[in-house]
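**Student:** According to Swiss-Prot:
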| type | residues | note |
| --- | --- | --- |
| TRANSMEM | 13-31 | transmembrane segment |
| TRANSMEM | 51-73 | transmembrane segment |
| TRANSMEM | 94-116 | transmembrane segment |
| TRANSMEM | 131-150 | transmembrane segment |
| TRANSMEM | 162-184 | transmembrane segment |
| TRANSMEM | 194-216 | transmembrane segment |
| TRANSMEM | 245-267 | transmembrane segment |
| TRANSMEM | 282-304 | transmembrane segment |
| TRANSMEM | 317-339 | transmembrane segment |
| TRANSMEM | 352-369 | transmembrane segment |
| TRANSMEM | 390-412 | transmembrane segment |
| TRANSMEM | 417-439 | transmembrane segment |
């Protein structure tokens, strides 16, 4: 059974988990930025094609990939309880499930993507680039999902530095193949934005190969013999993964898709408003990397303690994580209050767009507070395997409160496009409040020794 850290040591332990995860998440964000920036230097049509393709791919990956995130609390529970053979078995079954999910996405995408693109009012060349970008990227979906499984296995054992280094080394790989395939250097064909898809697929394959090497060779990972010991596919094991993973993946999909929906709805207010909205949302997403990384670290820490039946220690990690997130949110809010105009000018030289971006960033301040509460609690509840509450929170808060309220304010009042952001803030706050009550209920249940509830 894994040992717990003393109360003061829990701060250091959580930070040691958080920092590499944060670097990894920021590295992934940087790869997306590089793809867009390098495509834009090819042509405006290449940039548009990659942007359209990416907007279709990201919600699918975050939703389907979120199913595999179930492996993290499962492994951390086994690790906390000292069930090491069960870890190897769970990883093997997750690898099988990853391949099945990836194949399903490729087959469904092959049929659905042409139809979806035809329904969009796109220039024919942009549509061509978007389709072939996604087709090129599809060659990397199986390696990406296999890498996701190995990453969650490695992270759940507390070895988050391994995936940090994989991400950091993947960034130059991605940049190199973008340079070769987008612009046609080194004897490669000049593919423009389509080359971004192939470069991304190659980067996914690199990440899987690097994670496989680490799993086989690193001292703290090799004893589990993943990729060496084989088991028959087990529906019972898949059922456990899906029971935990489908609510997680659905919650992530609801969260990512609401922002995509709002971006489409803001379009009615003109190009300048869309540009300002997208710029402010981009920066807010960058700041969100901090509470998101804390959330992932808490899933691991709480999962280990819950697996070992040390519920008081798990509660201490929850309180530490929320405290850290609130402190960071306060700092981010002060930064945005003081420097929002400077941030806006990083995105545009147009004074009208910059002024609008600054106003949107004022609303982003309220994002920080809600995210600082909701994100760590989401991670903690996943660590407890309390995933249904996270699912219902995302569905009701974003689509039941946030979007309807945002539409009403945007279309029926003078708030305009800012009404959508007010709706998002209300949704985030509702979700944070709901999750807070749910976490307190989990604590009370474990204090009294009652059985878990379905909701």
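Easy rule for this one: first residue shown is 1, then count along the chain.
Including glycine, each Cβ sits where the backbone N, Cα and C put it.
Burial and contacts for the listed features, if you can.
**Tutor:** Using a Cβ-Cβ cut-off under 8 Å and counting only residues 6 or more beyond its ends in the same chain, the transmembrane segment (13-31) has close neighbours at 5, 155, 158, 160-161, 163-164, 166-168, 170-171, 174, 200, 203, 285-286, 289-290, 292-294, 296-298, 300-301, 317, 320-321, 324.
Residues 32, 35-36, 90-91, 94, 97-98, 101, 105, 109, 113, 116-117, 120, 122, 126-127, 129-131, 133-134, 137, 144-145, 148-149, 152-153, 155-156, 193, 197, 240-246, 248-253, 256-257, 260, 296, 299-300, 303, 382-385, 387 of the same chain lie 6 or more positions beyond the ends of the transmembrane segment (51-73) yet place their CB under 8 Å from a CB of it.
Long-range contacts of the transmembrane segment (94-116) within its own chain (CB-CB distance under 8 A, at least 6 residues past either end) are made by residues 56, 60, 64, 67-68, 70-71, 131, 134, 138, 141-142, 144-146, 148-149, 152-153, 226-227, 233, 238, 241-242.
Sequence-distant contacts of the transmembrane segment (282-304) (same chain, six or more residues past either end, CB-CB distance under 8 Å): 2, 10, 13-14, 17-18, 21-22, 24-26, 29, 72-73, 75-77, 79-80, 155-156, 158, 160, 314, 317-318, 321, 324-325, 328-329, 332, 343, 347, 361, 364, 367-368, 371-372, 374-376, 378-380, 382-385.
Residues 272-273, 275-277, 279-281, 283-284, 287-288, 326, 329, 332-333, 336-337, 340-341, 343-345, 418, 421-422, 424-425, 428-429 of the same chain lie 6+ residues outside the transmembrane segment (352-369) yet bring a C-beta within less than 8 angstroms of a C-beta in it.
Listed by sequence, the residues of this chain that lie at least six past the ends of the transmembrane segment (417-439) yet keep a Cβ under 8 A from its Cβ atoms are 258-259, 262, 265-266, 269, 273, 277, 318, 359-360, 363-364, 366-367, 370-371, 373-374, 377-378, 380-381, 386, 389-390, 392-394, 396-398, 401-411.
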**Student:** Where else in the chain does the transmembrane segment (245-267) make close Cβ contacts, counting only residues six or more beyond its ends and a cut-off under 8 Å?
**Tutor:** 55, 58-59, 62-71, 273-274, 277-278, 281, 378, 382, 387-388, 390-391, 393-395, 398-399, 402-403, 406-407, 410, 417, 420-421, 424, 427
